[in-house]
Amino acid sequence: MALLIHLKTVSELRGRGDRIAKVTFRGQSFYSRVLENCEDVADFDETFRWPVASSIDRNEMLEIQVFNYSKVFSNKLIGTFRMVLQKVVEESHVEVTDTLIDDNNAIIKTSLCVEVRYQATDGTVGSWDDGDFLGDESLQEEEKDSQETDGLLPGSRPSSRPPGEKSFRRAGRSVFSAMKLGKNRSHKEEPQRPDEPAVLEMEDLDHLAIRLGDGLDPDSVSLASVTALTTNVSNKRSKPDIKMEPSAGRPMDYQVSITVIEARQLVGLNMDPVVCVEVGDDKKYTSMKESTNCPYYNEYFVFDFHVSPDVMFDKIIKISVIHSKNLLRSGTLVGSFKMDVGTVYSQPEHQFHHKWAILSDPDDISSGLKGYVKCDVAVVGKGDNIKTPHKANETDEDDIEGNLLLPEGVPPERQWARFYVKIYRAEGLPRMNTSLMANVKKAFIGENKDLVDPYVQVFFAGQKGKTSVQKSSYEPLWNEQVVFTDLFPPLCKRMKVQIRDSDKVNDVAIGTHFIDLRKISNDGDKGFLPTLGPAWVNMYGSTRNYTLLDEHQDLNEGLGEGVSFRARLLLGLAVEIVDTSNPELTSSTEVQVEQATPISESCAGKMEEFFLFGAFLEASMIDRRNGDKPITFEVTIGNYGNEVDGLSRPQRPRPRKEPGDEEEVDLIQNASDDEAGDAGDLASVSSTPPMRPQVTDRNYFHLPYLERKPCIYIKSWWPDQRRRLYNANIMDHIADKLEEGLNDIQEMIKTEKSYPERRLRGVLEELSCGCCRFLSLADKDQGHSSRTRLDRERLKSCMRELENMGQQARMLRAQVKRHTVRDKLRLCQNFLQKLRFLADEPQHSIPDIFIWMMSNNKRVAYARVPSKDLLFSIVEEETGKDCAKVKTLFLKLPGKRGFGSAGWTVQAKVELYLWLGLSKQRKEFLCGLPCGFQEVKAAQGLGLHAFPPVSLVYTKKQAFQLRAHMYQARSLFAADSSGLSDPFARVFFINQSQCTEVLNETLCPTWDQMLVFDNLELYGEAHELRDDPPIIVIEIYDQDSMGKADFMGRTFAKPLVKMADEAYCPPRFPPQLEYYQIYRGNATAGDLLAAFELLQIGPAGKADLPPINGPVDVDRGPIMPVPMGIRPVLSKYRVEVLFWGLRDLKRVNLAQVDRPRVDIECAGKGVQSSLIHNYKKNPNFNTLVKWFEVDLPENELLHPPLNIRVVDCRAFGRYTLVGSHAVSSLRRFIYRPPDRSAPSWNTTVRLLRRCRVLCNGGSSSHSTGEVVVTMEPEVPIKKLETMVKLDATSEAVVKVDVAEEEKEKKKKKKGTAEEPEEEEPDESMLDWWSKYFASIDTMKEQLRQQEPSGIDLEEKEEVDNTEGLKGSMKGKEKARAAKEEKKKKTQSSGSGQGSEAPEKKKPKIDELKVYPKELESEFDNFEDWLHTFNLLRGKTGDDEDGSTEEERIVGRFKGSLCVYKVPLPEDVSREAGYDSTYGMFQGIPSNDPINVLVRVYVVRATDLHPADINGKADPYIAIRLGKTDIRDKENYISKQLNPVFGKSFDIEASFPMESMLTVAVYDWDLVGTDDLIGETKIDLENRFYSKHRATCGIAQTYSTHGYNIWRDPMKPSQILTRLCKDGKVDGPHFGPPGRVKVANRVFTGPSEIEDENGQRKPTDEHVALLALRHWEDIPRAGCRLVPEHVETRPLLNPDKPGIEQGRLELWVDMFPMDMPAPGTPLDISPRKPKKYELRVIIWNTDEVVLEDDDFFTGEKSSDIFVRGWLKGQQEDKQDTDVHYHSLTGEGNFNWRYLFPFDYLAAEEKIVISKKESMFSWDETEYKIPARLTLQIWDADHFSADDFLGAIELDLNRFPRGAKTAKQCTMEMATGEVDVPLVSIFKQKRVKGWWPLLARNENDEFELTGKVEAELHLLTAEEAEKNPVGLARNEPDPLEKPNRPDTSFIWFLNPLKSARYFLWHTYRWLLLKLLLLLLLLLLLALFLYSVPGYLVKKILGA
């Protein structure tokens, strides 16, 4: 569907100049090219094309403007041509020559010649002439099929055609045809038509023709992006998406988990910090740490909530650090940090991991940073799957500044700001007292006062403030402001403003409004601070009639959708950044309430009179409970129209009209004569007359409106802020269009329709056009006086965003290719989210409209329509989407009544026409109604024709027949206790309903029934009904023999309409069957496959209707089957069923299942399994494979479900249903023959080589260890040999495509001469844990690499095309290759040694694979050939029951299916190895019972849910398998939430009887039963029989001894031989040494192995292992084998379904008992910490600050002592003796500390075992970082000692001490200078000077002293051999320090005293005096000797 404008010439122009033309239609403009130096005539000759999605209306306009073009100044308008398209719509082709008009609408001489063509998509108007635009008839057919191909990019300016070049016709046709048909279509030469204009630039077309001629797919060529589709391809519009049940407000389960790891840089001296974690009102505390500014906690807290999402996300998470908290005192707050839960939930994975929270003091905002707390915060809702980063081996090397606990985009330095919430006044409050109380009051007081005492309360960031109470006022006036102080930007998204009624007993909320700060601010470069109003906000809540116990009170609190207007509040908000340096600033963050400056009445906008009109065209589906009393519908807007409980006052003052208003109305609208002077004569009519409903069927009633449709109209007065709503509407229109397009594309991808990329281009084109249109429309009314600052800023922001979005859409459009559709679709989803966000206007104006159904004057059900959706504008884009349209509304119950099953029934379905606009625009209010009515006025008489009608009488009506083709449904809701249902469908259309037949006991009914609705009368014009037919409602019910039918779900559809004059032929008819999603509340409840057509009955009656030609072979009596042409085309398929066995069958009616059988049914055909004679003894079937043939649709999407039912055969021929399962999609079981058209191997190899050269950085030389693909002469795939070489000197793991220098950095088994600088780890020192931690490092690094690249599944699919070529590269190695490549880049960019340091540190250790998830998710549930089907019984639970599908599972059927078309081609059946016994199921092992040794290794658990009151748990492992139940209760781990178990358990089991392994974690309790924390279940049987060989993981290397010993009893060569035999693969052929050939692959590798004694022996195991690790590359039989691994499984608790209770790391090995016995289990017991002794000698101190003043002299001195500890102040604190009266800050100690400790090297943690409190039963193990704390103190005799300074040394990495005190600086400790870091565990002995620091008054670090210390680390054995004494004691005592004797007395030692008191203080003064004295002496000598000398000189002596 498109409109083409051919602009030919503009003539009679005046003067010479450059001309340009602008052509505008529907707001989208195209410019012509500039014609230079035109004189009289401008010959444009250009064609412009508009793809139009909706039919062109006959009233639409086309506008062409001609300008004089200027490069410098703006273009000057010459004239305008406007044309109404009525004639074009009727005739499809018009050519016009006409004059232009100027600005004043005066005709000018200049004329224009234009040709206009239009073709509607439905063919109702016009068709292209044979030779017009597309010449080829077949091409026209294709054009019709694809419906739309857009040929022109918006804004592209085609150049005019030079003579002699091909015409548009040929070029355009070849482009369109080539684009659409690709290589299947050849181009035909066409005769040239000289009069055809150019549409595309010729150069482009020539390039295009060259590119397309190559036979490539056109959509892979960038120039092909000119093909775009703007009309819907899928029939998505026929599926209206209507959600019935309110989702907001329903409580859900949430879990907030917070791990407090540590704190750093806490401000304060010698503090004892405790961290308090608050979520909402719940508080939890960590333990207290003494005397440290950087405490380490690692404590985990969990908070559980069951509340609605809105309440949850507004809760505040507060993390505070408190100093010296104990039982008696609450402690002093150091600092706190807060954010709301919603901020955390909106993060990726709903969590912050290892982030630092910045602490600030709320009581002193000028004090700055108070420290950091490192924590993990996660918020989990039910069903959320969170990827938790791995817990093990956390290092505390942290970049604090780069990892702050802040959402992305929030600056790290947040400033304090004041939030001023200004509350002005409120209006329209409801009365808040019962009428009884009101009468009592009146009796006592004697006057009727307003029955409400309102005040406003504001909640923000955990604080609240409230205004004063205005006594007895429905229209209170406050003019107050509530001031909050918080950091900006705040981490709390919403502010809650609530009007409350003050009451003696308890205050009640009247209404609530939430201010979303993101919507009233912008954080961009050109953004603005939050600002709002002054603007009115509307509040909604419960109905206005006051009752003491209001069941809907929650609605007034803002929970759930309000059902009635409550009040409106005039408020404003402003934010001011605070200058914290200002001395006058109040530094507290307490909420203040101040007076605010009053504002004028007109500030919020000029009051205008609005007019709302509505017409009820139909009211049906009225719930039968309301069917016995007359029903009326009431429409309200604000309090207007509410006659029951609306206005609190009887009279509302009319807004005064300004004097000029009347004249203005007179002039513009000529309305005043019609309205009899005063509009007050026009009384509002807000409700329909009461009418008694009539029966539709047993559930529903309808109102018999017939041709008389009741109307309502309401006048109301509101501030005129339409511009806000207009802008929101434009964006909504763009967003709706975009959403429709994206849904269409997703449907295309889902249903595999061709060319989704073309549709996406069309969507992007429409988006960019919409954005341009917004920019042109939104900038109106700039000078509006009542525009707030937010209006102005939002407009600028929206215009910037949409301009940017339009540009991005244009760029994306050019980039769309077939393989990038999914990526670009995601980007478009982001556009959609942004548009929806921008369109949500935060400043309200007109309240929403409520439609209430009243029965017996009581409110029953309601619908709410946003006013902006109904707002009228003369500009189409600004009009609300439902304005002047007939809208279908489904009325629902208010508040909580609408939850659950009560909300599923429709209360009423109303077809309603609504229009809202200014009274001045009232003449338009009937413009959208279906035509053919007469108005009925309320009053008669002259001058009343402008009065609105009270009802409409329709004289025009159309007769229709509806055919509902109900084919089948699938995955329906189980409504009976058997787990099945007896479903039937009821179809409602207008006032009629019909039912399908009932099908018993199925969840996938195939009704195959056509329902015909005759004698349907629809009112209005036929073409209107064609475009927008009424909605069909389909409800599915379960037939019950007793009681009424149970509701199972509902869906909606729109029929395809055929008019009487239309042919019933393709492409529109007959309609295609489609799936409609069935909803039950908000949950999906299956799919309905159906089609609906609405056929107009013409003058000839039903004879003209298409005949019903059903299948002739079936006679079903009165039931008409779906006719041919609509029912699917069937083909014969064979369904093979593998019956393996049944598992875990539960009792039926208390009786055990003994003789079960499985029945398989599909499309009426089926097969039964053999009977299991004794389920207890052997639950497997003895006949494995059976098959049946069935007719299935050709289209796989329409395949019916396959039903699996298990019955128990009882005595006397009875049988009982045990459970059932419906396979809703057979797709994954369909066998597809291999594709012979796969690209040839030559191409593959060529690509592979290219990949390798790229990966090797361009070098084509092959480094050792890479895969070399060589070609043998034979071409077929099977014969290709792949060489995988592995030299003895190279790695034991093939790393493919990795350059040599990267290889050096990888893990190796054997050392090489390549890396002399890297030490080999001593194998005797390594254990399994070394391997585990090395593997975790690798996993973490891989995850880190994946984060920035963000490869997700879709992208992975695309990458696979090339990745698949990379021979033997497994997933793990791919990731590692990428990791190494990235690391190499970062290192080369780094400098020298520093960048290589991390690489050198990593030792060469063999690794295993650590999976951060279950093994099943990595290997497709091990369902490679054996599938597990859960059998269900019992009713499906509803959300509110909290029941899950788990509870309905009564057993499992194991088997498989294979579906294929018959007969199979011979070559296919030969290649697939088809067998007459087992069919397609080849190589199936026997299912006889087998004994297996199961070995379970449980490594550790993480993040367990606390089970005890103290917030901890005492976990132990429990394992169940069959009858074996192991409880490892004795080895529980005390008070741990991250316990390391390190256990292995051996269990002998017999498959199939014992195949479900349960590993549970229990909490040990001293008293009472132990509680289950969580459990995980593993199906061992599927693992055992899987081709992935999950019995025992394949290790990375083969070793016969050491930590990496081979675990499997079978060696790699034996495993390889077995696999080749089972898979019928040729091989393995070993030899020569180090070489093996399997099928057509050759692997080479080391041929020797070293035994325990270091002897080298020849072996084939290395190459065999290499072949196993690349088994997926073996043709046909190859698949990925499970590597040696540890899997991480979530722990779940049945009591808390859907929420993880922690994670468990484990792996399972299985060994058949008939094979050689495996070796002893691996020892994975937790590493015992190693005992060490740290000896610290404190030699001296220097430059210690002097704290004490001497009593006599005032001299400064200090009594210094040094304190140190390693584990904690309480555990091992040690003090030196005191150096008294240090006058210089120098202290001499020679004092030794001894710290024995237990240390875990792998985790770099010290292990402490101690009782948590005196009441604790046992010791708890703690792990803390190895940090030595040294403090310097000033000793006082009477008062407490004074803390002077401290340093904390991390023993793994601390700065090397300075050699002298002078070289020791403060920067060594603060990290401001690069100091070499040392580890005491490597150096063993370190001596030096270290600085001691403390914070001054400004919270800045200052140097308070230096300490000379020596650290010496010994193991416990070494310490025992070489003992030393504590302090200065024996053995090996230290000598006494040589301290100056400062305990002197003046008169005994005056000189010494003088030295200390005078010299130290006045030494410089004394030196200067001495120097001066010497100079004076010298001068005196000179003067004394000069005379004598002079005399001698004179006398010449």
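Keep in mind that glycine also has a Cβ here, set from the backbone N, Cα and C atoms.
Annotated domain 'C2 1' per Swiss-Prot: 1-98, in sequence order, evidence recorded as sequence analysis.
If you look up Swiss-Prot, you'll see 129-145 (among others) marked as compositional bias 'Acidic residues'.
Shown for the domain 'C2 2' (236-357): DSSP residue counts in helix, strand and coil, namely 17 helix, 60 strand, 45 coil. Annotated domain 'C2 2' per Swiss-Prot: 236-357, in sequence order.
Positions annotated as compositional bias 'Acidic residues' by Swiss-Prot: 660-678 (among others).
Sequence-distant contacts of Asp976 (Ca(2+) 2 binding site), defined as residues of its own chain at least six apart whose C-beta falls under 8 angstroms from its C-beta, comprise Asp982, Glu1001, Asp1038, Asp1040, Lys1435. DSSP assigns Asp976 (Ca(2+) 2 binding site) to coil in the three-state reduction, placing it in neither a helix nor a strand. According to Swiss-Prot, the feature Ca(2+) 2 binding site maps to Asp976, Asp1038, Asp1040, Asp1046.
Residues annotated as compositional bias 'Acidic residues' in Swiss-Prot: 1314-1324 (among others).
The compositional bias 'Acidic residues' feature in Swiss-Prot is assigned to 1352-1361 (among others).
Feature annotation from Swiss-Prot assigns compositional bias 'Basic and acidic residues' to 1370-1383.
Under the heading compositional bias 'Low complexity', Swiss-Prot lists 1387-1396.
Secondary structure from DSSP puts Asp1514 (Ca(2+) 3 binding site) in coil. Cβ environment of Asp1514 (Ca(2+) 3 binding site): Ala1507, Asp1508, Tyr1532, Ile1533, Ser1534, Lys1535, Gln1536, Asp1563, Trp1564, Asp1565 lie under 8 Å away, each six or more residues apart in the same chain. The feature Ca(2+) 3 binding site is assigned by Swiss-Prot to Asp1508, Asp1514, Asp1563, Asp1565.
Residues or ranges marked as domain 'C2 7' in Swiss-Prot (evidence: sequence analysis): 1714-1865.
The DSSP secondary structure for Asp1842 (Ca(2+) 5 binding site) is strand. Summarising the annotation, Swiss-Prot assigns Ca(2+) 5 binding site to Asp1836, Ser1839, Asp1842.
The DSSP breakdown of the domain 'C2 1' (1-98), given as helix, strand and coil counts, is 6 helix, 60 strand, 32 coil. Neighbours of Asp1565 (Ca(2+) 3 binding site), defined as other CB atoms within 10 A of its CB across all chains, total 14. Calculated from their C-alpha atoms, the gap between Ser1839 (Ca(2+) 5 binding site) and Asp1046 (Ca(2+) 2 binding site) amounts to 81 Å. Over all protein chains present, the Cβ of Asp1836 (Ca(2+) 5 binding site) has 12 other Cβ atoms lying within 10 Å. In the three-state DSSP reading, Asp1565 (Ca(2+) 3 binding site) counts as coil. In the shown protein chains, 18 other C-beta atoms lie within 10 A of the C-beta of Asp1046 (Ca(2+) 2 binding site). Scoring each of the binding-site residues (Asp1040, Asp1563) by how many neighbouring Cβ atoms lie within 10 Å, the top position goes to Asp1563.
Put simply, Asp1836 (Ca(2+) 5 binding site) is 84 Å from Asp1046 (Ca(2+) 2 binding site) when counted between their Cα atoms. Within 10 Å of its Cβ, the residue among the binding-site residues Asp1038, Asp1508, Asp1842 with the fewest other Cβ atoms is Asp1508. The number of other CB atoms found within 10 A of the CB of Ser1839 (Ca(2+) 5 binding site), across every protein chain shown, is 6. Under the three-state DSSP scheme, Asp1038 (Ca(2+) 2 binding site) falls in the strand class.
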